[in-house]
Amino acid sequence: MLGSKRHPKILDLFFFYGLLLQCLAADNETTTFLSEEVSRLSEEIELESETVARPSSNIPANTAGGAASFLSASTETTESPEFSTKGSESVRHGYGRGLPVPHYHLPDSRWGPFFEEGPEPHNITARVGSTIMLDCRIGLLKDKTVTWLHHKEDSIHLLTVGRGAYSSDDRITLSFRYPNNFRLQIVYVTRRDEGLYECQVATHPPKVKRIFLKVTAPEVRIVDESGREVTERYYKAGSSLELTCHATQVGGPSKDHPIIWRHGDRTLAKGISSNMSTVSDTAVSTLTVIPLEKRHSGNYTCAVGALAFATVAVHVLNGELPAAVHHGNGVTSSGVSSLIFFSLTVLLLLKAR
């Protein structure tokens, strides 16, 4: 009957070899790292096995020739029969110690590692600029290795090995929480962090917990007094300006990402009224300028921190303009263009007469 013991490093070799096969399409640094780990573990297992399992001179040696043999079996030192020579025959007459007996890993072991929250995949949503923790609580881990992987489009990125971070992105680290939570921490989340994350335990086959991360970002738009979304406005000097900024997916009031108005590069503090809805996850901020002067021309920007913004170009004009502007109501650039075209057409017709 097959034994249940195995070389203590055989599962690590299994695990890193499997990761290498998964990450062949990844960056060169990842594949190089995994190849070196596979080679190192293979050499260590072979060296340790040859040292422990060195046979006596009258028994043929049966040591492994490379990493491939250790992927299917490992050796254990146990009681082995002693032989004596009687004529040309070998006679077994007792038991001694020192000879290796091969034992194979049984992958269906009942008492192996397990995910305390279950292996089922689940979804997490994070906002751009936030900090997020991906939990991975593992029971009965013992000496097994834990890694985090990020699947993005057609590539796989190795993020952590054990308690050490392997990712070149300093925002991504392992924030281990005693006694058994291998939490993956991502600070200042960006759009490129979206995708599938896997917490893997180095069993054979590997135990995997999958987490799908969705990243959302605020959306900002500016509307005029009539509720129309605008990017350019014309006003008459002496009239009033009222622009309203609607921001969605803002995630509640935040000191890190406040809603602000800017005129050019200057942050505005006067003439602004804001309110926040925690139910609909939206914010509304209104900018009012009375009376308008020529110096008020320029770009007005509504921004949610450094995450999202919208800009409208404001032109304050002197002199007589069409009635919509004369009475203090702005017109869009397309409206002005239409009026100019109409005026030129009338002038040409009159000149033709």
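Our numbering is plain: 1 for the first residue shown, then up by one each step along the chain.
Cβ atoms are placed via backbone N, Cα and C, with glycine included.
Bear in mind that TrEMBL entries carry predicted annotations, made automatically and left uncurated.
Note that the coordinates shown come from a computational prediction; the quantities given were computed from them, not determined experimentally.
If you look up TrEMBL, you'll see 72-85 marked as compositional bias 'Low complexity'.
Across the domain 'Ig-like' (113-209), mean pLDDT in this model comes to 95. Sequence annotations record features per position, and here TrEMBL assigns domain 'Ig-like' to 113-209 (among others).
Sequence annotations record features per position, and here TrEMBL assigns domain 'Ig-like' to 218-313 (among others).
Residues or ranges marked as region 'Disordered' by TrEMBL: 72-91.
The feature signal peptide is assigned by TrEMBL to 1-25.
The transmembrane segment annotation in TrEMBL covers 331-350.
Sorting each residue of the domain 'Ig-like' (218-313) by its DSSP state yields 3 helix, 53 strand, 40 coil.
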